[in-house]
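Chemist: I'd like to ask some things about the structure below.
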Amino acid sequence: MSNLAIIPIIIPLLCGIIAIFFHKYVKAVRLFSQVMSIINLGVVLWIGWLVLQNGTITLATGGWEAPYGIIIVADPLAMLLVITSNIIGTACVFYAQSSLSKKQEQFYFYTFYFLLISGVSGAFLTGDLFNLFVFYEVLLMASYGLIVLGGERIQLRESLKYVLLNLFSSMLFVTTIAYLYSVVGTINMAQIADRVQQVDQTGILTTIGMLLFFVFATKGAIFPLYYWLPKSYIVPNPVVSALFGALLTKVGIYSIIRTFSLIFVHETNITHDLFLWLAGFTMVFGAIGALSTNNVKLIIAYNIIPAVGFMLMGIGLLSQDGLAGSVYYLLHDMIIKAVLFLLIGALVYVAGTSDLTKMKGIIHHYPFLGWLFFLAALVLAGIPPFSGFIGKILLIQGGVEQGQIMLVVVGLGSSLLILLSMMRIFMRCFWGEKEELNGGLKPIRSFTWPAAFLLIFSVLLGVGAEWVYPYVEIIANDLLDPSIYIDSVLKE
Amino acid sequence: MEIIMSVLAGILFATGVYNLLQKQLLRIVIGTALISHGAHLFILTMGKLKTGAPPILVKGVEQYTDPLPQALILTSIVISFGVTSLLLVLAYRAATLNKTDNMEELRGSEDE
C-alpha cells in the first residue's frame, strides 16, 4: 500500500487545472507544460523502476480496503504502458509549439493534453471495472476537446460522428457492468476474476464477456468496428492525431488484454478463437485500406488497424510467447505511430498538400526528414533489427507453436502490404526530381527533433531487446496466471 | 417490480436506438439521451429494488439496500449529462457551419 500508485494520475490532472488559469499567456503555459511533462516523465520512470524491482504497488483510495473501495494497481504491465504514454506525451508537447497556431494553443490545448494523459494513465492503473469506465470518459472528454480544436467545418463534422460512436459504446459499457454486477456482485476486477472461477454455469458470463469485448473493440478499432477511425483521426492537427493514434486505441487493446487474461478465461474455445479470426480480418482489411488511398495522412491512420490485429492475435493465442509478443508490439506500436503522425505532419506542412500524387523530391530539400521517415517505415514494417521485428517474431513463434499457420501467413502477408504502403509514400513524396518548392524552404527543426527523440526509443526497443524482453516475459507470466494479480490486490 | 423496470429499460433502449438511426441531428442527440436513461435504470434494477431500507452496512442491520448501484448511477448520470450538453453544442456548431442538420449530407467527399 503506497500513495505512489496514484501519482501518475494526480500530477497531470493538477497540471491541467493549473494551465487553465493562465491559458492566454502562450509562452508561460508552453514553458509550464514542457517543464511539467519532463518532471512527470521522471517521476513515472522512478515509480516504474520501483515496481519492476519490488513488485506491484496497490492503493486503496480513501482507506476503503479491497474489494469495497476503488483500488489503484500499479503492476509492471500498467507501469510500462504509463511510462511509454508519458514519453510520447513529452515529445508531443515539444512538437505542439510549432505545429499549432497561437490561437489553438491559447484555447486550452495544454489543459486537454494533460487531462488526456491523466485519463490514459488512470485507465492503465485502475483495478476497478467501473472506475475504468470513468477514466475512459475522462480521456474521451479530453479527446473531444482536442478533436474540435480549431473548429473547422470538416473537424466539426467528423468529431460529431466520433462523439456519437464513443457515447454509444460507453453506454453499452455501463450496461455490461450492470449485467456483470448482477451475476458476480462486485466490480473489483480481482474479485470478479476470483468469483468467475467459482461459478459453475459460465454461459451468461461468456455472453457478458463478448459484450465487453464489443465495447473495447469499438474503442480499439478491431474489424468490423474500425470504420469510424481513419477519417476522424486525420481531421485534427498532426500533434493531436499523434496523441490519438498512439494512446487512444491502445487503451482499448490494454483493456482487452487485462479482462481476457484475468476474468474471461473459462471458455477460450469460444472467446479467444473468435479473437484469432478477427485478428486475421483486422490485419487484412487495415492493410488494404492503407493501400486504397492517396492521402498520406489517411495511409498512416489506416496503418493503426493492422497493428491492432497483431496485438489481438497474441491475446487470442493466450500463450507465453503470444502475450509477450502482444505486450512488446503494444509498446512498439504506441511509439512508432506517434513518430509517423509527427513526421507526416511535418511532410504535409512543407509540401502544403496531403495528396501524394502532388508531391515529389522532398528529400532534396529536407534530407533529415526523409531519412527519418525511411527509418520509421522500416521500424513499422518490422525489418530486423528494429522493434517491430521483435514483437512480430514472438507472435509468429506463438502462432506456429499452436498450429495457427494460416494466421501467421496472413500476418506476414499484411506486413508486406504495410511495407508497400509506406514505401509508396517514400517513393512518391521523397524521391523524384528536384522541384522548386513554392514558398521556399521552411524551418522544420522543431518538427523533426521530437520525432527523432521518439525514434531513438523505438530503435532502442529493437536493438536493446535483450534488456527489455526479461520484463516483458515477467509481464506475460503474470498475465497467464491470474492468481498473481488477484493475490496482489485482495491479500495485502 | 424488477421485471417491469427491465421492460421499461428495454423500451428506452429501443426508442433510443430508433432515434439514433434517424437523419436529423437533434433526434440523434435525443436518442443518445434516451439510451443513457435506459442504462441508468438498468443499473438500479440490477442491484435489486427494495423499499424502506437504508443503504447502510453495519453490524446488526439485516435489512439494507445495496449502496453500490446508487453510487454508480450518480457517477454515470453526471458523465452522461456532461457529454449530452457537449454533444448539443457540437451539433449546433456543426449544423450552423455545414448549413445542414441532415446526416446524409454530412458524409463528406474524397477530395477534402
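Using the three backbone atoms N, Cα and C, a Cβ is placed for every residue, glycine included.
Any TrEMBL annotation is an automated prediction that lacks curation.
Sharing the record's features from TrEMBL:
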- A:127-417: domain 'NADH:quinone oxidoreductase/Mrp antiporter transmembrane' (DOMAIN)
- A:6-26: transmembrane segment (TRANSMEM)
- A:38-60: transmembrane segment (TRANSMEM)
- A:66-95: transmembrane segment (TRANSMEM)
- A:133-151: transmembrane segment (TRANSMEM)
- A:163-184: transmembrane segment (TRANSMEM)
- A:204-227: transmembrane segment (TRANSMEM)
- A:239-262: transmembrane segment (TRANSMEM)
- A:274-291: transmembrane segment (TRANSMEM)
- A:298-318: transmembrane segment (TRANSMEM)
- A:330-351: transmembrane segment (TRANSMEM)
- A:403-426: transmembrane segment (TRANSMEM)
- A:447-469: transmembrane segment (TRANSMEM)
Chemist: For the transmembrane segment (A:6-26), give me same-chain residues lying six or more residues beyond its boundaries with a C-beta closer than 8 angstroms to one of its C-beta atoms, as numbers and ranges.
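Modeler: For the transmembrane segment (A:6-26), the sequence-distant neighbours (Cβ-Cβ under 8 Å, at least 6 residues beyond its ends) are 32-33, 36, 39-40, 43-44, 47, 59, 61, 72, 74, 82, 86, 102, 105-108, 110-115, 117-118, 121-122, 125.
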Chemist: Which stretch from A:133-151, A:274-291, A:330-351, A:403-426, A:447-469 shares the most C-beta pairs under 8 Å with the transmembrane segment (A:66-95)?
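Modeler: Per the Cβ count, the answer is A:330-351.
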Chemist: Going through A:38-60, A:298-318, A:330-351 one by one, which has the most CB pairs that fall under 8 Å from the transmembrane segment (A:403-426)?
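Modeler: It is A:298-318, which has the most Cβ pairs under 8 Å.
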Chemist: Considering only Cβ pairs within less than 8 angstroms, which of the stretches A:38-60, A:133-151, A:204-227, A:447-469 has the most against the transmembrane segment (A:298-318)?
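Modeler: Ranked by Cβ pairs under 8 Å, first place goes to A:204-227.
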Chemist: Using a Cβ cut-off under 8 Å, which residues of the same chain at least 6 positions beyond either end of the transmembrane segment (A:204-227) come close to it?
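Modeler: Same-chain contacts beyond the flanks: 136, 165-166, 169-170, 172-173, 175-176, 179-180, 183, 196, 248-253, 255-256, 259-260, 263-264, 266-267, 270-271, 274, 278, 281-282, 285-286, 304-305, 308-309, 312.
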Chemist: Given a Cβ distance threshold of under 8 angstroms, which distant residues of the chain, six or more beyond its ends, lie next to the transmembrane segment (A:38-60)?
Modeler: 1-8, 11-12, 15, 66, 69-76, 79-80, 82-83, 86-87, 89-90, 117, 127, 471, 485, 488-489, 492
Chemist: Could you tell me what the rest of the chain brings near the transmembrane segment (A:274-291), counting residues at least six beyond its ends with Cβ under 8 Å?
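Modeler: Same-chain contacts beyond the flanks: 210, 217, 222-224, 226, 230, 260, 299, 302-310, 312-313, 315-317, 404, 406-407, 410-411, 413-414, 417-418, 420-421, 424.
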